[in-house]
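Data block below; observations after.
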Amino acid sequence: MTVKTTVSTKDIDEAFLRLKDIVKETPLQLDHYLSQKYDCKVYLKREDLQWVRSFKLRGAYNAISVLSDEAKSKGITCASAGNHAQGVVYTAKKLNLNAVIFMPVTTPLQKVNQVKFFGNSNVEVVLTGDTFDHCLAEALTYTSEHQMNFIDPFNNVHTISGQGTLAKEMLEQSKSDNVNFDYLFAAIGGGGLISGISTYFKSYSPNTKIIGVEPSGASSMYESVVVNNQVITLPNIDKFVDGASVARVGDITFEIAKKNVDNYVQVDEGAVCSTILDMYSKQAIVAEPAGALSVSALENYKDHIKGKTVVCVISGGNNDINRMKEIEERSLLYEEMKHYFILNFPQRPGALREFVNDVLGPQDDITKFEYLKKSSQNTGTVIIGIQLKDHDDLIQLKQRVNHFDPSNIYINENKMLHSLLI
């Protein structure tokens with residue numbers, strides 16, 4: 001039996017009919033804050049408001065619903081960093097199917113709990129592997145041994161067709177408002193979302209530039225399509241943007257993206273954190289890191305999109321509140337507002353007061369101070385964190401620190417030491 005490896009607009013139209021009474025038609029909103037900031041019209045497709053707070057329900061339900069009754073009776077499995085799993089268990093509950101969900105050990109607790117919440121007694125969650133790719137290998141082995149049905153999160157034409165319904169829905173909404181998009185920005189993890197969207201847009205909105213956005217620490221599609229012209233596996237990835245941190249994209253999504261995606265943007269994880277905080281404070285939108293990728297990319301395209309009409313897909317809103325401290329920390333470091341030093345501190349009374357008076361600027365703030373006293377020496381080691389009011393103050397701060405201790409270590413520039421702090 002030949003396995004289908006292409007996706008057509010007909011496939012997406014058929015998926016749209018299957019999903020019509022299952023998924024929520026999420027809003028397409030003109031965002032006034034971003035429109036003013038970038039001097040253009042920025043629309044947001046709010047998939048963070050989907051039933052499982054992610055677009056993944058579309059692909060999961062479509063892929064499961066096309067299984068035969070015999071296949072469904074054997075149960076389903078999936079590997080996911082969170083959102084695809086929620087789509088699968090939501091579907092399993094609706095169709096009363098047995099499901100085993102494999103998730104990386106590093107998955108935020110909030111996403112693990114949400115999977116259990118959306119599922120039922122027929123759903124089992126297995127935490128295994130440090131990355132999605134390790135987790136995937138375990139899931140495939142289990143699926144084969146138990147003769148179940150693996151629901152691929154991206155490298156499956158039915159999953160891709162389901163994600164493509166987002167594009168059909170978006171174009172119908174924009175047509176009713178007489179809106180034509182010049183640019184579309186969407187996140188890339190394994191490539192299912194961008195493959196489905198781009199397939200539909202290239203047929204029904206061919207003048208729209210499709211921009212795929214990846215975290216800089218996991219740009220597997222860019223490395224495969226642009227750099228190597230073949231699917232490659234990244235040896236190491238940054239797992240912070242957990243919903244889009246994939247070391248290897250799908251063979252099917254690679255071919256579709258290669259044909260349809262006009263350009264790729266890699267966004268620093270710190271910039272994503274700044275976007276998350278900005279969206280929350282300015283727009284009251286709770287976006288997860290992968291969900292904020294599309295908006296983060298606008299800064300890279302600010303000269304191109306001026307005066308244009310843009311749409312960003314907010315792909316998910318399953319953010320763990322316990323991560324907010326780390327998100328704020330990464331944002332401050334990226335914006336060059338927080339700086340860490342290792343200093344030799346004189347072991348005598350008044351040394352700290354001298355440091356505060358002589359080194360800190362009038363608006364600087366100490367956010368971390370760890371002191372290791374050494375009884376047999378004249379100085380002790382201090383790790384200190386300083387937050388600035390203006391990142392332009394850094395040059396003068398470093399000059400004053402160097403005067404206080406010429407042998408100091410600036411931790412922000414030391415990748416290994418820096419990684420220990422965040």
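Every residue number used here counts from 1 along the chain in the order it is shown.
Yeah, the Cβs are placed from backbone N, Cα and C, and that goes for glycine too.
Swiss-Prot has this to say about the protein:
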BINDING   Asn83, Gly189, Gly190, Gly191, Gly192, Leu193, Ser315  pyridoxal 5'-phosphate binding site
DOMAIN    339-413  domain 'ACT-like'
MOD_RES   Lys56  N6-(pyridoxal phosphate)lysine
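Among Asn83, Gly189, Gly190, Gly191, Gly192, Leu193, Ser315, the residues given in the record as binding pyridoxal 5'-phosphate, the maximal Cα to Cα distance rounds to 14 Å.
For Gly191 (pyridoxal 5'-phosphate binding site) paired with Lys56 (N6-(pyridoxal phosphate)lysine), the C-alpha to C-alpha distance reads 12 Å. When the binding-site residues Gly189, Gly191, Gly192 are compared by the number of other CB atoms within 10 angstroms of each CB, Gly189 has the fewest.
Per DSSP, the secondary structure of the domain 'ACT-like' (339-413) breaks down as 25 helix, 27 strand, 23 coil. Within 10 Å of the Cβ of Asn83 (pyridoxal 5'-phosphate binding site) there are 31 other Cβ atoms, across all protein chains. Within 10 Å of the C-beta atom of Gly190 (pyridoxal 5'-phosphate binding site) sit 27 other C-beta atoms, taking all shown protein chains into account. All protein chains considered, the CB of Lys56 (N6-(pyridoxal phosphate)lysine) has 31 other CB atoms within 10 Å.
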